[in-house]
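Here is what TrEMBL says about this protein:
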type     : residues : note
DOMAIN   : 3-120    : domain 'Response regulatory'
MOD_RES  : ASP54    : 4-aspartylphosphate
REGION   : 165-187  : region 'Disordered'
DOMAIN   : 213-409  : domain 'CheB-type methylesterase'
ACT_SITE : SER230   : active site
ACT_SITE : HIS257   : active site
ACT_SITE : ASP352   : active site
Amino acid sequence: MIRVLIADDSAFMRKILTDLFNKQSDFEVAGTARNGKEAIDKVKDLSPDLVTMDVNMPVMDGLNALAVIMEQQPTPVVMLSSLTQQGTEATVRALSLGAVDFISKAGGSISRLDAIEDELLEKCRNAAKAKVRKLAYTPQKKLAALSTPVPAVPVMKRVELPQRQGFKPGGVATPTPPSQNSGSPFGVRRVNPILQARGKPQPPAAGKVTPVMMSGVGNGAKKLVAIGTSTGGPQALQQVITRLPGNLPCGVVVVQHMPAGFTKALADRLDSISQVSVKEAEDGEMIKPGWVYIAPGSHHLRVKEEGSSRRIVLGQDPPVGNHRPAVNVMYDSVADIGKNLVAVIMTGMGCDGCEGMKKIKAAGGYSIAQDEPTCVVYGMPKAVVDAGLADEIKPVENIAQAIVEAVKR
């Protein structure tokens, strides 16, 4: 029996969600909450297996409540969010804070519950099985800052640097110490002169995360990194991408299972807290060193080699394994890169990526899998590990270091 706590300021929504869960043989409504503060208190008192959490609530909103729950008593949370720009940004922020999944409320409401009933129940059943860890990178005293509006990411002119953009032989300049007085919930990022030269802003980095230092490049300019992830991925990607050095000598492509409309918000958020540049991938663009390209929702991402360059190709051909974008599609397209490919498989349900990883390994590529203890759902990495395809198995906080070392080989 899955004991669920429903947190929503709407009495109507609390009732229809309560009725829905009570009709199921495997759910029991442990309680309801009218705002985030009540949700925190009831998580402590009731210890539910799962929380459904609205984003916008009075007294304390869903983001602040989620952050406190993940710090004090980690519990699987499914967020209910709108499809507006503000709603998608809040959802991505929630996933980065540790929410397992989310349900989109078309038009800002899920009063037409019948349209999403099956999806809601499936996501809640899956989320209840997820392993969630204590939030380690959001200081308690700064949680209130999470409720501030998400600022628009400024459009900055990128300056083309000679040779490998962003790479300085001999390594990156020594960063200045972070400020201790920032009001941001993510602390202050170390200033990187290379990023300033690009015109990239220097916003806060994620808490205690310190990017891996990269001195020397080895064969890195020839490499490509391909990352695949699903459930729990936004939080895992934040742990990895914010640790990548700004002078990474190769590009990174990412498939994160996520619907259209959310991947740009994810990319913008990661770009604002990372030393590498992060963007939603566009069809036909060339892959540049020091950049991370996230497949847009509802589009497969492939990489096409053109001489010494690599180009992104997006497509809306049918889903593969019920996924679009699919990790297997991306992996298939990069397998022929052979020894110059570093493939990473991280938290996610199912086995997407395993078949593609077989081709990558057969062609001489290098593979890194996230370990079980740090996965929200140990599905996709497990499939790769069980098939004997992982060269390294790492906790999420060590994956960036493993990527840098593999890129330099």
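Positions of Cβ are set from backbone N, Cα and C atoms, glycine also.
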Using C-alpha atoms only, work out the spacing between ASP352 (active site) and SER230 (active site) and round it to an integer in Å. 9
Which whole-number mean pLDDT does the model give the domain 'CheB-type methylesterase' (213-409)? 95
DSSP three-state call for SER230 (active site): helix, strand or coil? coil
The DSSP breakdown of the domain 'Response regulatory' (3-120) into helix, strand and coil residues is 57 helix, 28 strand, 33 coil
Rounded to a whole number of Å, the separation of the Cα atoms of HIS257 (active site) and ASP54 (4-aspartylphosphate) comes to 22
Between SER230 (active site) and the residue listed as '4-aspartylphosphate': CA-CA distance (Å): 22
Taking DSSP three-state, what's HIS257 (active site) in: helix, strand or coil? coil
Under a three-state reduction of DSSP output, how is ASP352 (active site) classified: helix, strand, or coil? coil
Give me the count of other Cβ atoms within 10 A of the Cβ belonging to HIS257 (active site). 23
Same chain only, sequence gap of 6 or more: which residues have a CB within under 8 Å of the CB of SER230 (active site)? GLN256, HIS257, HIS323, VAL327, THR347, GLY348, MET349, GLY350, ASP352, VAL377, GLY379, MET380
